[in-house]
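Novice: Below is the structure I would like to discuss, written out as structure tokens.
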């Protein structure tokens, strides 16, 4: 709980506080949103579980679940930062935390999907929700001013990126694994997160100079690689039985993020009219979707021989015999379009409000 909470406030909070026009005010708003979202998420999640088993449990685990919900809200905030008022931010947090808690309940409790690190429930959902809110807020006559503001944030953005990235490296592996069962599966989630981190960072150092014609990548690009590496491990972190898979996934996602910033971000802005302030499309949405697809593939390959006793920890319904591996893989795969549907509709409605 401690690591997850520090990760939420320091890592994500600092990374969303770089706009020169907002300055420390952005950090204050992030703290306000975090404080509000945690309380509301605990209430909504407790109510949903009450209908399932007749009890509301409040403890460290319930607050960790609320932190995950709040992380999705903060990711969405990154797509609209500097373009909405604090009151509008609170409205976004109110609506998204409600829908995020419902989405998580459907996937994890009703469908039995394995997504303990949040590739679907945190990264993909938060990114799509925020991007759709940004699309609804599109104002062509303000585009020029917003671009000028983003160009005037270089030194301050790099400074926040340095501190935020260090905290990401320290605490995000715990964040990815904090909801896994406390046995060997938890250890693998931590280890695979670190393997993905190192591979993604090396990949970015190799590939970014080719795209941006710079001798070494800037700190914000290392920050993006770190976020992408953790997003791809959200679902697959506890499933990968060997380091090779995590290293491969991390290396590939380290290529995917800079490619997205170089080629996809301009398309989002010019064609789809989506102004993505913090680049959540490339650091959360693309890696989150890749992590969900990788989790589906690993589910199909899961057997008692490859997982051992960890099969019961990662896929308890399969180990109990109430669900086949194929059924579990279909559930994992169907969770992705459901996530996209809920996040897209919810973000669009919230943006219109």
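Residue positions begin at 1 at the first shown residue.
Just so it is clear, glycine is given a Cβ too, placed from its N, Cα and C backbone atoms.
Below are the features listed in TrEMBL for this protein:
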type	residues	note
TRANSMEM	6-22	transmembrane segment
DOMAIN	8-351	domain 'Ammonium transporter AmtB-like'
TRANSMEM	29-52	transmembrane segment
TRANSMEM	58-82	transmembrane segment
TRANSMEM	89-111	transmembrane segment
TRANSMEM	117-137	transmembrane segment
TRANSMEM	158-175	transmembrane segment
TRANSMEM	246-265	transmembrane segment
TRANSMEM	286-309	transmembrane segment
TRANSMEM	329-347	transmembrane segment
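Neighbours and distances for these, please.
Specialist: Within its own chain, the transmembrane segment (58-82) has Cβ neighbours under 8 Å at 1, 4-5, 8, 12-13, 15-16, 19, 21-22, 26, 30, 33-34, 37-39, 41-42, 45-46, 89, 92-93, 96-97, 100-101, 104, 118, 121-123, 125-127, 129-131, 133-134, 137, 146, 149, 175, 178-179, 274, 276-281, 284, 347, counting only residues six or more beyond its boundaries.
Within the same chain, residues 29, 32-33, 36-37, 40-41, 44-45, 48-49, 52, 65, 68-70, 72-73, 76-77, 80, 120-121, 125-126, 129, 133, 331, 334-335, 338-339, 342-343, 346-347, 349-350, 353 sit at least 6 positions outside the transmembrane segment (89-111) and bring their C-beta atoms closer than 8 Å to a C-beta of that stretch.
Beyond the transmembrane segment (246-265), the same-chain residues lying 6 or more positions past its ends with a Cβ under 8 Å from any Cβ of the stretch are 191-193, 195-204, 207-208, 211-212, 217, 221, 224-225, 227-229, 231-233, 236-237, 240, 276, 279, 281-283, 286-287, 290-291, 294.
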Novice: Counting only residues 6+ away from its ends, which parts of the chain sit with a Cβ under 8 Å from the transmembrane segment (29-52)?
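Specialist: Counting only partners 6 or more residues beyond its ends, the transmembrane segment (29-52) has Cβ contacts under 8 Å with 8-9, 12-13, 16-17, 22, 58, 62-63, 65-67, 69-70, 73-74, 77, 86, 89-90, 93-94, 97-98, 100-102, 104-105, 109.
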Novice: Below 8 Å between Cβ atoms, which of the listed ranges 117-137, 158-175, 286-309 makes the most pairs with the transmembrane segment (329-347)?
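Specialist: The stretch with the most close Cβ contacts to the transmembrane segment (329-347) is 117-137.
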